[in-house]
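Engineer: Taken from TrEMBL, the feature region 'Disordered' covers 1-29, 61-103. Residues annotated as compositional bias 'Low complexity' in TrEMBL: 1-28. For 74-95, the entry in TrEMBL reads compositional bias 'Polar residues'. Residues or ranges marked as domain 'ABC transporter' in TrEMBL: 115-343. Marked as transmembrane segment by TrEMBL: 410-430, 442-460, 481-511, 517-537, 549-571, 638-660.
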Amino acid sequence: MEEIQSQSDLYRSSSSSASSPTNRVPSSHFFYVRKPGSLTQPISFEDSPEWEDSPADVRMDEEANIGGGGDSINDATATPISPSLSKINSGSMTSPPVPEGGAGNVVRKIAGASIAWKDLTVTMKGKRRYSDKVLKSSNGYALPGTMTVIMGPAKSGKSTLLRALAGRLTPSAKMYGDGYAERKTQLIGSLTVREFLYYSSLLQLPGFLCQKRSVVEDAIQAMSLSDYANKLIGGGHCYMKGLRSGERRRVSIARELVMRPHILFIDEPLYHLDSVSTLLMMVTLKKLASIGCTLVFTIYQSSTEVFGLFDRICLLSNGNTLFFGETLACLQDDNGDFSAVNMDTAVAIRTLEATYKSSADAASVETMIFKLTEREGSQLKSKGKAGAATRVAVLTWKSLLVMSREWKYYWLRLILYLILTLFIGTLYSGLGHSLSSVATRVAAVFVFVSFASLLGIAGIPSLLKEIKIYRSEASNQHSGAFVFILGQFLGSIPFLFLISISSSLVFYFMVGLRDDFGLLMYFVLNFFMCLLVNEGLMLSIACVWRDVYWSTLTLISVHVIMMLAAGHFRIRNALPKPLWTYPFAYISFHTYSIQGLLENEYIGEVFAVGEVRSISGYEAIGGYYQIAADANSKWRNMLVLLAMAFGYRLIVYVLLRFGLNKNVSGRLLLCHRKNNS
């Protein structure tokens, strides 16, 4: 604690000079936003934290950055000192020292960027009772190597301003004036901190692994995560003990540092943190600013120790700017002295609203914005991203790693499949190979395929989590729909094959099907294809709804309809033509799986009828299930299942490519207005 306090004192003592340089050259990295969406570079941004499963598990706050950056920092643009600070001798103050990354290694500099906004107004219908204006004519700027904080009470417009600057406003919001653009972070709880950062770097950055290793270690050092580098992140739906909320929040920021951003936006970084975690977080962010990054974030309230670490502050109330300038300036009275103000809060807010716009501080801000916007700097350049093959390999590796660790969604499903198969096997055991057992065997195969497919619905939460991670990567422009689908498909193959071979072996031998290795292998492959189709169906419905309840309800309904049309309760050629035959019987994957398994079992089989007569297996099963007499028909059914597996993933691709990336809710997919990518 003493070490944390000493670091905060060091940074607080130099914050004024860091924010008010007197003799510096304009930066070549200036970013001035003219309209929403005008910036082509990706920006990472997420909402303030929320509770997910328990009060101990806080969802990570979402950060934002503008991609790119270099290894050296340009000097900040010359900043005129606020008139309220004219009595302070800032010339004697020095810039904060660059913190060391440990073992004598100095953390590499980041090339920061300046940002300014002028007359920024945001309106949202129904957001406020008396006015649609959530943010009113806001002016401000942020410079490299500084921390600019947006502070105010609840519903004052803090997050709206941050979202407006980062281009993350909702479709119903309208922005006027000059302001700027977006990106998102989602933690993966079943990975360690170092694995997660390696995953992010491999997915985002081009180059060799040795180069990315140094970037990851720099991010770990910068966010003071060395003691937690090999610990699981945990949280969310991981059901594993992991890091605490403050540490997970630092991991979330470290993930963005892998890209060495010019500007980093954070919404409520101190949300639900205790005093020690709050101070540690602010010291870490101050250290990050000292290596050149431009930080803009929101907070609800601040302690004295934390407040002294800020460089500039933007005070908001009911969408109005009460003050923007150096932190020390907002603590002074008219004579430039630091003193307490004995005034009712409502009166103080009205007084500031009435006097700030005509004050010398507001004029100083406008002068600075004019100087910043007088000459635009060079365009921020992206560092590029890893190739498609690399990203597919990384996503496959991540999926395999997550499956091997998240026992509740994967290993527990495997156990449930085995238990279900054991129950079905014991129910239909000892049938024998007589003609009288044909009807019961048909029922056994139907029950096995139908109920095993229905049990797959237990994987919906894990698929929704995969989609959530994809949305994060897609908003960062680090992953595409095709890369995600291919990586998820390849990653799921080992797990689904493990389920298929274990369940098939138990069922096959307990029921007593034909003793032939080739027939056994076809049974395993057929059930494996059935699971692939079912996984694609679940993924497509999860993409539409993105909600556990509605996805589960829809899947159960679809499975029941497919089971009814599969040809067991009534032979297919006897089904009513409209609706049940066309299209239900033909789109039901149960039909092709069950038909293939029965053809595998009965084509080529002969049953004796009395002492002199015999019938083929095709004739014996004809009254119970419709199959083809052709020995190759079972392979055609296998090809149909394979086509359906790819077909459902094609539907997923369309939904992700043209629906999900547009921020369109599944229930309103056809009627909601599309946004620009």
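Cβ coordinates come from backbone N, Cα and C, glycine included.
Annotations in TrEMBL come from automatic prediction, not curation.
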Engineer: Of the stretches 410-430, 442-460, 481-511, 517-537, 638-660, which racks up the most C-beta pairs under 8 Å with the transmembrane segment (549-571)?
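Structural biologist: Ranked by Cβ pairs under 8 Å, first place goes to 442-460.
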Engineer: Going along the chain, which residues at least six beyond the ends of the transmembrane segment (442-460) come within the CB cut-off of under 8 Å?
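Structural biologist: Those are 409, 412-413, 416-417, 420-421, 424, 427-428, 431, 503, 507, 511, 527, 530-531, 534-535, 538, 542, 548, 551-552, 555-556, 559, 563, 566, 568, 589-590, 593-594, 597-598, 601, 621, 624-625, in sequence order.
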Engineer: Give residue numbers and ranges for long-range contacts of the transmembrane segment (481-511): same chain, 6 or more residues beyond its ends, CB-CB under 8 A.
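Structural biologist: Those are 388, 391-400, 403, 410, 413-414, 417-418, 420-422, 424-426, 428-429, 431, 441, 444, 448, 452, 466, 470, 473-474, 520, 523-525, 527-528, 531-532, 535, 539, 649, 652-653, 656-657, 661, in sequence order.
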